[in-house]
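Chemist: I'd like to ask some things about the structure below.
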Amino acid sequence: MSDNRLSEEHETLRKTVEEFAREVVAPAAAGHDEAKTFPYEIIAQMAEMGLFGLPFPESYGGQGADYFALCLAIEELARADSSVAITLEAGVGLGAMPIYRFGTEAQREEWLPVLASGRALGAFGLTEPGAGSDAGGTRTTAQLVGDEWVINGSKAFITNSGTDITRVVTVTAVTGEPVNGRPQISSIIVPVPTPGFSAGAPYSKVGWHASDTRPLSFQDVRVPAENLLGERGRGYANFLSILDEGRIAISALSVGLAQACVDESVKYAKEREAFGAPIARNQAIAFKLAEMETRTYVARTAYYDAAWRMLAGLPFKKEAAMAKLFSSEAAVTNAREATQIHGGYGFMNEYPVARHWRDSKILEIGEGTSEVQKMLIARHLGV
Amino acid sequence: MNIVVTVKQVPDTWAEKKLDASDKTVDRKSVDNVMNEMDEYGVEEALKIKEAHGGEVTVVTMGPEKAVETIRKALSMGADKAVHLTDESLHGSDALATSAALAKVISTLSPDLIITSSEASDARGGVMGALLAERLGLPQLTQARKVTVDPGANKVSVERLADNGYALVEATLPAVVGVVEKINQPRYPSFKGIMAAKKKPLTKLSAADAGLDAGSVGLAGATSTVVDAQPAPPRQSGTIVKDEGDGGAKVAAFLAAQKLI
Ligand SMILES: Cc1cc2nc3c(=O)[nH]c(=O)nc-3n(C[C@H](O)[C@H](O)[C@@H](O)COP(=O)(O)OP(=O)(O)OC[C@H]3O[C@@H](n4cnc5c(N)ncnc54)[C@H](O)[C@@H]3O)c2cc1C
Ligand SMILES: Cc1cc2nc3c(=O)[nH]c(=O)nc-3n(C[C@H](O)[C@H](O)[C@H](O)COP(=O)(O)OP(=O)(O)OC[C@H]3O[C@@H](n4cnc5c(N)ncnc54)[C@H](O)[C@@H]3O)c2cc1C
């Protein structure tokens, strides 16, 4: 078996982001969470560091690293603040990636340099009020009128869609009659702003307070015909393949949160005294910590392996789904246990674990619910 | 501008610092080592000056093999090349011996400007800038919280931190400048920077390569010896004042007894 430790470049990057997360992201996290503000100054510093360009070649303004490097950065950021981590994940993995994977040369040249620089954010509009897990049930339409697409409909829960630096949203829409009994869904690049397009007020969320999530509405939004992204009728399939990769990144984010819960809890359990001794002396607490650490380790190993398979060109969809399923549940469990270990203080927003607890639940829902992951995994088993 | 910036690898500030029991030197083997935090400000300042005026930034470090990690960090931030002085015989150099070795290396680079930081977090001598200036026969501008270079006029001026403000001092180039924390915000390296650092020129020198005489460096050449060291006593638990209506007065009396008010 070959060695699965990080290469020197990956490890140096990981350490750099760890340092940045500890010194810059963590101290600001509680403030942005409380005020529900988008951390523009932190995003700008991440842009300076090239984090938004990690997986793209230098010829498109990227850093020439790979998807695994992006995952490492996401994990380290999530140890400090999930909102910041999801902004990077959605901006790169969902916003810019479809253009890199499926765009024409002209589309890549138009969008990638600005997105990779982090000066602008992209968003991915698949989910609709009535179509989430079953995104094939998309109702938004795009009609080709002359040399323009005319888009009508709405999207729900779209990350990064309404920040001051959002410049593009790629959306899925029905572009014609069903083909072979399947809905004809295509994806289209919508520059922001475009008349008729609007991002509604941000949702009031349980967690991810410093991440931007909004409903979108399209009323006779006109964009040039050449804004079609990928082949006509392939939009849904293409977006699903973006989600296959995205699951590895969400797994990395989950691992970061799970690790943060371990770190905070170990520290707290050694300091907090009850019945005359640190609570960590109780085996009930020590065993919780041991289980939390184990979950995190197994989850990390799973996403490393899925990423390695993907980069090696091997089949990875099942592994990505398993990594996402396992690590998002590990994150939720660790966050619940961390709060428990912190007692009443764990329910106070002043302690990071309270925020981790609120931020964790969405991990079992976004980019495919746990049930959807199980459907995918079962399908690979032929059932 | 040909700028030299000195950087030192030190035990991580989060780590418990220990002395090696046998020779009372800093234990650098059993802990995580990082770039002296204040040197990050020195590197950043050098890069800013280079970005404004052009030129080249050379990193100079003296330290064990592992100190190459710190050199790489400076290179990944954007420095152009590095000189690493490393040799078993240098182990245990005191401040005087360290300055002699660094001065020897720096003089071969003929810099216009030498930037050090004000203090390394392990030994905390706070003297290296002054010692280097003396050895190289150059003006020294230490405790700088702002640096302005005017290559046309061959001048550098700094705002030198003082007790109740700052002093504006200037010197002709070449000069040694010692920077303080918060002079700038050091950048974090990008992935591209990390990759580029691996290809940048790094010269490794032994004591002999640098033309240093073995007797003048290391423990052998040290003019001072650490004879004994004790860990700092654990902090005493604080005094708790119970407020029974007279809490304020009690706290004031306590502070007065400590001559704090
Ligand atoms: C407990 C203890 C006591 C000591 N007592 C004495 C003593 O009494 N007298 C004495 O002479 N020495 C003493 N030393 C040793 C001496 O302080 C250091 O060995 C010597 O390297 C001076 O470095 P500094 O960290 O004090 O430098 P500082 O002056 O604090 O460092 C300022 C800057 O100079 C540069 N610099 C310093 N060292 C290097 C390096 N190796 N390579 C590149 N740049 C560098 C860096 O930019 C650094 O930020 C003692 C050491 C210890 C651990
Ligand atoms: C904060 C946040 C950010 C988001 N960001 C984005 C974004 O940027 N872009 C985007 O396109 N979307 C985004 N989403 C949407 C997210 O991907 C969807 O919410 C998710 O896919 C689930 O869809 P749904 O909410 O419609 O739930 P539903 O599909 O209605 O599911 C409801 C429940 O039914 C279960 N279920 C559904 N079908 C089955 C079945 N066949 N078998 C068993 N159980 C089933 C589900 O697992 C779930 O438990 C975001 C959501 C949130 C909350």
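Cβ coordinates are placed from backbone N, Cα and C, and glycine is handled just like the others.
Grabbed the feature section from TrEMBL, which reads as follows:
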type: DOMAIN; residues: A:7-118; note: domain 'Acyl-CoA dehydrogenase/oxidase N-terminal'
type: DOMAIN; residues: A:123-221; note: domain 'Acyl-CoA oxidase/dehydrogenase middle'
type: DOMAIN; residues: A:233-381; note: domain 'Acyl-CoA dehydrogenase/oxidase C-terminal'
Chemist: Mind checking how the domain 'Acyl-CoA dehydrogenase/oxidase C-terminal' (A:233-381) divides into helix, strand and coil residues in DSSP?
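Modeler: The breakdown for the domain 'Acyl-CoA dehydrogenase/oxidase C-terminal' (A:233-381) reads 123 helix, 4 strand, 22 coil.
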Chemist: Mind checking how the domain 'Acyl-CoA dehydrogenase/oxidase N-terminal' (A:7-118) divides into helix, strand and coil residues in DSSP?
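Modeler: Result for the domain 'Acyl-CoA dehydrogenase/oxidase N-terminal' (A:7-118), in helix, strand, coil order: 90 helix, 0 strand, 22 coil.
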Chemist: Over the span of the domain 'Acyl-CoA oxidase/dehydrogenase middle' (A:123-221), count residues by DSSP class, listing helix, strand and coil in order.
Modeler: 3 helix, 58 strand, 38 coil
